[in-house]
Amino acid sequence: MQYPTHWRMAFLLAFFFHLTAWLMGSLILPHLQAKSVAAPDSVQAIEWENVDVATEEKIEQPVAAPLPPPEPKEEKPPEPVKPEQPPAEQEETTPILAEQDEPVIAKLQELAEEPEKLDKVVIVKEPADSVPVQMGQPPKLITDYYPPSANVQFRGRVSVFATIGKDGKIIKTKIAVTSGKPEVDQLAMEAARRWTFKAALDQNGRPMECTKIISIPFNVIKKK
């Protein structure tokens with residue numbers, strides 16, 4: 001059978017094409033497969049070094065804020081020990097029992113140079129029935145008064161009999177030691193009448209009348 005020339009050429013070209021494709025496939029494909037299989041080896045060849053991050057870089061830990069130092073406790077100073085106050089001494093008095101003023105005045109003249117003793121004299125009037133009278137508690141001063149003496153032409157003290165009633169008020173005054181000047185004596189008696197006392201008590205605890213000597217100073221240091 002005779003084929004035309006162009007068909008023969010086409011057949012040869014097709015044959016060579018397939019042969020070329022087969023040769024290329026048989027040579028190139030195994031090479032590509034070898035590369036694809038060998039690729040993991042190249043990956044396995046890489047050596048990874050485990051780096052301890054903690055050794056190279058210190059991990060910054062949160063730093064806790066320092067606690068404030070405890071406030072020092074204020075120690076209260078010990079309370080001062082109050083000294084025990086001695087019991088108040090009762091005012092020493094010198095009771096004089098008399099019916100008339102003359103014996104009393106004589107006694108006062110003996111004490112005239114010692115006003116601190118003179119002021120402690122308390123006179124108890126002797127009753128007419130001669131019933132013994134005892135003073136259980138002397139009168140206690142509540143308020144006193146001293147007149148201004150800058151314009152008084154006298155230097156010294158005037159002693160006044162001051163009769164203290166059962167209510168503690170002065171009910172009568174009389175000069176015991178005079179200044180020698182009536183106007184000064186009058187000032188002294190007026191000042192004495194402004195004094196007030198807690199009334200004296202008798203032996204039964206009842207208020208009683210008595211007479212106390214009040215010393216009024218003029219232009220001299222007032223006796224405490």
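In case you wondered, yes, glycine gets a Cβ from its N, Cα and C as well.
According to TrEMBL, the feature region 'Disordered' maps to 60-99.
Feature annotation from TrEMBL assigns compositional bias 'Basic and acidic residues' to 71-82.
Broken down by DSSP into helix, strand and coil, the domain 'TonB C-terminal' (130-224) contains 11 helix, 42 strand, 42 coil. The domain 'TonB C-terminal' annotation in TrEMBL covers 130-224.
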*asked:* If you average per-residue pLDDT over the domain 'TonB C-terminal' (130-224), what number do you get?
replied: 91
